Amino acid sequence: MSILVKNNIHWVGQRDWEVRDFHGTEYKTLRGSSYNSYLIREEKNVLIDTVDHKFSREFVQNLRSEIDLADIDYIIINHAEEDHAGALTELMAQIPDTPIYCTANAIDSINGHHHHPEWNFKVVKTGDTLDIGNGKQLIFVETPMLHWPDSMMTYMTGDAVLFSNDAFGQHYCDERLFNDEVDQTELFEQCQRYYANILTPFSRLVTPKITEILGFNLPVDMIATSHGVVWRDNPTQIVELYLKWAADYQEDRITIFYDTMSNNTRMMADAIAQGINEVDPNVAVKIFNVARSDKNEILTNVFRSKGVLVGTSTMNNVMMPKIAGLVEEMTGLRFRNKRASAFGSHGWSGGAVDRLSTRLQDAGFEMSLSLKAKWRPDLDALELCRQHGRDIARQWALAPLPETTQKTAPVEETTTCAAADLGPKMQCSVCQWIYDPALGEPLQDVAPGTPWSDVPDNFLCPECSLGKDVFDVLATEAK
């Protein structure tokens, strides 16, 4: 199957609706992906890239239905990774003498994967051209570390199509090929997710490389990526987004993520978020439990944020393993222009929060004070968490904050009456977790100030996941 891209250019790639893991299990491809290969038929026939190795046989069979393989004059490999050049061994078994145009670094990568040094490699550099007839040329532009040392782009004159490799792509599978045909919200979510999780470490290279390409003063009518859609409607919009994302990008957003053993650190996270919102109701605050959340969504939110609060319980005097792993990933992604603070609960000995603070600083974050709580935070400790959130909101504000009206403390009789109206605290008879009506349970959409009688029947204990029927009135409040 092929799809007409423009004039004598056809898409001959492979859709992968089922793929959910990429780069091992490091990247969750929740909307599948595609491996884009392009066949150009001018006076010379050119194949740009292949597909993932698991589709090698299918790819060659489909390609044979489009063209006699012996009629392919040139193969262009923009990138040697297996999702781009994976079908080379299957293809070259049929046409072993066909020249392969790629960078010098790509030869090393291709031989490292396919082990065929005898293939007919042709090394190209930035500015080199290849005449393909009918007055058209291919112009090559090296793009090292976007995102491998071997990467390059290929520009086709006449049709003004930039074959951009991984840049401007997204792991997004759709039967429709072009950017103006697909759901725009989904598309741009996946574009940002792709940039945040794959290209962020190389942001310092993005702007000068785009500037270099624009310096050729070549028109760009289409951008044909290696994954996802082909940009035919206003293709420069994605280029402009890349320039924006590469420039120490941040939004007025704070990301909080944590891991917890006994729910204590989660309670801290909720209270910190409440404090932030009290002082700055306009800032977007997102909370994630790393054990239950999509890691790449967390990292995308960190990319978007001006700051991040990371929480961990102490286990064996160190931070929780999932937190340690995610902080290591953030170190590799080399986020810039971001602030951070560590927090967490511990028992008889701490250690995790201090260790976490050091690791966040090593990862390049500008650090704010950390916060610790011993055992399960009581009302006083939770108020300290809220105050920490208030302080963070003020310290990390991007613009003057709205003035808050000082609340007058109610008389004691009113406070007692209000507290009584909420009813008693409830304790899980299995794990001893306590439901406090004053705090509610935000992760289950139970707002602070919700009496137990108004808690939905489908409520589950956050600790042991059992229902309301296992709860009793807290013994100290029973009459």
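Cβ atoms here come from the backbone N, Cα and C positions, even for glycine.
Features reported for this protein in Swiss-Prot:
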type	residues	note
BINDING	His79, Glu81, His147, Asp166	Fe cation 1 binding site
BINDING	Asp83, Asp166, His227	Fe cation 2 binding site
BINDING	260-264, 342-369	FMN binding site
BINDING	Cys428, Cys431, Cys461, Cys464	Fe cation 3 binding site
DOMAIN	254-393	domain 'Flavodoxin-like'
DOMAIN	423-474	domain 'Rubredoxin-like'
REGION	30-210	region 'Zinc metallo-hydrolase'
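Sequence features, as recorded in Swiss-Prot, placed on the structure.
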| residue | record | contacts (Cβ under 8 Å, 6+ apart) |
| --- | --- | --- |
| His79 | Fe cation 1 binding site | Asp49, Ala85, Ala106, Trp148, Asp150, Ser151, Met152, Asn165, Asp166, Ser226 |
| Glu81 | Fe cation 1 binding site | Ser109, Trp148 |
| His227 | Fe cation 2 binding site | Ser33, Ser34, Tyr35, Asn36, Asp83, Asp166, Gly169, Gln170, His171, Tyr172, Tyr194 |
| Thr260 | FMN binding site | Arg266, Asn289, Gly311, Thr312, Ser313, Met320, Ser345 |
| Ala342 | FMN binding site | Leu309, Val310, Gly311, Thr312, Val353, Asp354, Leu356, Ser357, Leu360, Ser370, Leu371 |
| Gly347 | FMN binding site | Thr314, Lys374, Trp375 |
| Asp362 | FMN binding site | Thr331 |
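Within 8 Å of the Cβ centroid of the Fe cation 2 site, not counting the listed residues Asp83, Asp166, His227, the chain contributes Ser33, Tyr35, Asn36, His79, Glu81, His84, Asn165, Gly169, His171, Thr225, Ser226. Neighbour list (His147 (Fe cation 1 binding site), Cβ cut-off 8 Å, at least 6 residues apart, same chain): Asp166, Ile198, Leu199, Pro201, Phe202.
Ala352 (FMN binding site) sits 26 Å from Cys461 (Fe cation 3 binding site), counting Cα to Cα. DSSP states for the domain 'Flavodoxin-like' (254-393), grouped as helix (H, G, I), strand (E, B) and coil, give 65 helix, 36 strand, 39 coil. Taking DSSP states H, G and I as helix and E and B as strand, the domain 'Rubredoxin-like' (423-474) has 9 helix, 10 strand, 33 coil. Shown in sequence order, Asp83, His84, Leu146, Trp148, Ser151, Asn165, Ser226 are the same-chain residues outside His79, Glu81, His147, Asp166 whose Cβ sits within 8 Å of the Cβ centre of the Fe cation 1 site.
In the three-state DSSP reading, His79 (Fe cation 1 binding site) counts as coil.
Each of the binding-site residues Ala352, Cys428 was scored by the number of other CB atoms within 10 A of its CB, and the lowest score belongs to Cys428. In the three-state DSSP reading, His227 (Fe cation 2 binding site) counts as coil. Shown in sequence order, Arg339, Ala340, Ser341, Ser357, Leu360, Gln361 are the residues of the chain, 6+ apart in sequence, with a C-beta less than 8 angstroms from the C-beta of Met367 (FMN binding site).
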